[in-house]
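Enquirer: Just dropping this structure here.
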């Protein structure tokens, strides 16, 4: 009897993380991560454009929809992109089967990324893989049609991913300047994906005092909806606080606030000189941003000898409540109910038939007495500026002048209590031709003034 005694195989069990680039934008993001020598992840690119695949640095390539597109691209049609991914479903599934977590990166608004990314996410979910979407939205100069296409693609993609991170390309103008090249600007957006993947892989493969396992990460990111990722590095005085603040204030993300987050993953990495107080300061600074007392906050700390003198803080906040996220609203988008000012219409002048015009020359002016009082010079010529109007004056039976033939045409005006006007008063005393009342004459209407 022969006994075969063998040493047990040393099987290393570790989670497999796959970064899946879809379309032109997704392929470029993967190229940037490969160039940065990102460790701990597998890379796959898929595209309908055969020429783009040839220039990819990734070794795992999928030509989507060979029969559907013949390698010529999706022609900016999401429907064609979806059909191409469905045609290549078996090949996509083979690259995803052994993965525990997948990052799907694509650009929304085109044909391949918008149409194929949701199909790939659906396949990943069917395989029980933790799925994270990291996608970009078009620039404003790309037009409204492309933006609407992107929004539809986001709605479709969100149905199949556990966590979704959206990076509007327009936000690149927040950090770019006149010397920033087009390639460098897109690399800034790709750095968000790079930092997110690195933050997860470092927690699982780097040595540290507080290590996290994949179950911890899954608890924070599974079925959490919209999320934000951020990373920050700092050195010198207060480096821990500065790195934490840089991580939680990413200008490229739409939802760059952690308000209302239901899950938070914190990774603090530094060299051998990182102190306990620095770790405490960085972690507490991030916790201050979370106003949800029931949030699941998972913390890890690792060492990296390459970061001597530097502290790096990576944050993944998931389940962000959109109602609590402060978003920028341009002034032109705000509407205000404007109550129109009250308008006053000029009184309609009804012409009065003049039966007889008196002969003014027949009246004597020898005993006319004229009394002047000061006039408010500010009033003259400024009736419109003062807001005075014919309807602003009130007329009463007691103090109104008696009607005359001119008064019937012009009306009699009396200033309101708030707009009292000192007028020039002309007091005319004449003898009454008919001797009806003492010795006062009957004065013409344009000279008549009621006596006090």
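Every residue gets a Cβ built from N, Cα and C, even glycine.
The GTP binding site annotation in Swiss-Prot covers 24, 25, 26, 27, 28, 111, 112, 113, 142, 146, 190.
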Enquirer: Identify which of the binding-site residues 24, 26 has its Cβ surrounded by the largest number of other Cβ atoms within 10 Å, counting every protein chain shown.
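Expert: Result for the most crowded candidate: 26.
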Enquirer: Of the residues named as GTP binders, 24, 25, 26, 27, 28, 111, 112, 113, 142, 146, 190, how far apart in Å are the Cα atoms of the most distant pair?
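Expert: For the residues that bind GTP, the greatest Cα distance is 21 Å.
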Enquirer: Give me the count of other Cβ atoms within 10 A of the Cβ belonging to residue 28 (GTP binding site).
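Expert: A count of 21.
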Enquirer: Mind checking which of 142, 190 has the fewest other CB atoms within 10 A of its CB? They're the binding-site residues.
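Expert: Relative to the other binding-site residues in 142, 190, 142 has the fewest Cβ atoms within 10 Å.
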Enquirer: Measuring CB to CB from residue 112 (GTP binding site), give everything in the same chain under 8 Å that is also at least six residues away in sequence.
Expert: 22, 23, 24, 47, 48, 49, 64, 73, 74, 81, 84, 106
Enquirer: Would you mind pulling the DSSP three-state label for residue 24 (GTP binding site)?
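Expert: Note: residue 24 (GTP binding site) is helical by DSSP.
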